[in-house]
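Going by Swiss-Prot, these are the annotated features:
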type: REGION; residues: 64-95; note: region 'Disordered'
type: COMPBIAS; residues: 85-95; note: compositional bias 'Acidic residues'
type: BINDING; residues: 121, 124, 126, 128, 207, 208, 217, 219, 233, 272, 286, 288; note: ATP binding site
type: BINDING; residues: 286, 288; note: Mg(2+) binding site
type: REGION; residues: 325-351; note: region 'Disordered'
type: COMPBIAS; residues: 325-334; note: compositional bias 'Basic and acidic residues'
type: COMPBIAS; residues: 338-351; note: compositional bias 'Acidic residues'
């Protein structure tokens, strides 16, 4: 959900967005929608988080629990470290996981259950902006400490924890004439915000780590339960997509019509899908609010908001007529190791459709002459990254990062000592 963090939130943009309510944000939380669509999502496990763990994520500094001597599936050069690795035995009692040992144990067990490698996220956001600190420079986590390191280094995760309802109104704040009441007492508003944040049922989502082909991930925009438009998520040019465009659009439209259109509680939302070869099955990756905070990628929000929403004509017939058929003998949902063996078999079948369109959603791809179409080496989320010396240390293996952290600790200790002496 943190995809468009460089843009101010709320209605200050002047764009004619529908009113963004707190219930809309909660409906886009992974823990809310995953049970509904589990059979069409990649394999994942959800771990409820308590206040102690959330306080750990919010706390300044990165202190990791002591590392297991031989964590399952971890390489010798994994680059994962604990700040207590080089500490004195007397410091062993500084273990942050003491306050959430059950969660720590659940995370260990879940990593093992999902094959030894997982990709983490919180309710809305994955820590993609923090992969610079990972030894593999991606979301792959083999130990609990890998997960904690990514979560505590991520601005996206901080947004989930501190700003989930920014730009929203409560479901009772909207007046009958459609105008939104504005709180004028800042103290009361701050207190209300803190209370709301504390009521969010935060979860750690651990998804089985698989290598997705980024060229086959797509973002889809829904208004009034109509699929308006869709586009690539990856901003590079892939020539082969143009030959697949019509087939991909049909498959995604059918998936939306049958799976999401009448089952998601809100009429306006944005969803991400993955359509791997042989391109006959659609996987739901994420659901985001139809709001400025969601990155429109190849579109602008002004374009999307100005698109005409297809509606019923005077005769009551829809602009789009579809005849849907369920194909027998379809592949199981665990093909390519993506799906969940525990999903109900009835929801695993592929869907085919004989389709007649009078409204066709625009499917935007990156053109070959786009000046930004070949930025394969361009780093993403650069606004959230740290200085070069930190990045270089993270890339030099465990020795380099441990040395950097030791120097960092020395600097912090020296500054604390200077502050104490100055205040004496």
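Here, residue 1 is simply the first one shown, and the rest follow in order.
Glycine is no exception: its Cβ is also placed from the backbone N, Cα and C atoms.
Taking the Cβ of residue 288 (Mg(2+) binding site) as centre and 10 Å as the limit, one finds 22 other Cβ atoms among all the protein chains shown. Shown are the binding-site residues 121, 207; the one with the most C-beta atoms within 10 angstroms of its own C-beta is 121. In sequence order, 119, 120, 139, 156 are the residues of the chain that are 6 or more apart from residue 126 (ATP binding site) and have a CB within less than 8 Å of its CB. A distance of 15 Å separates the Cα atom of residue 217 (ATP binding site) from that of residue 288 (Mg(2+) binding site).
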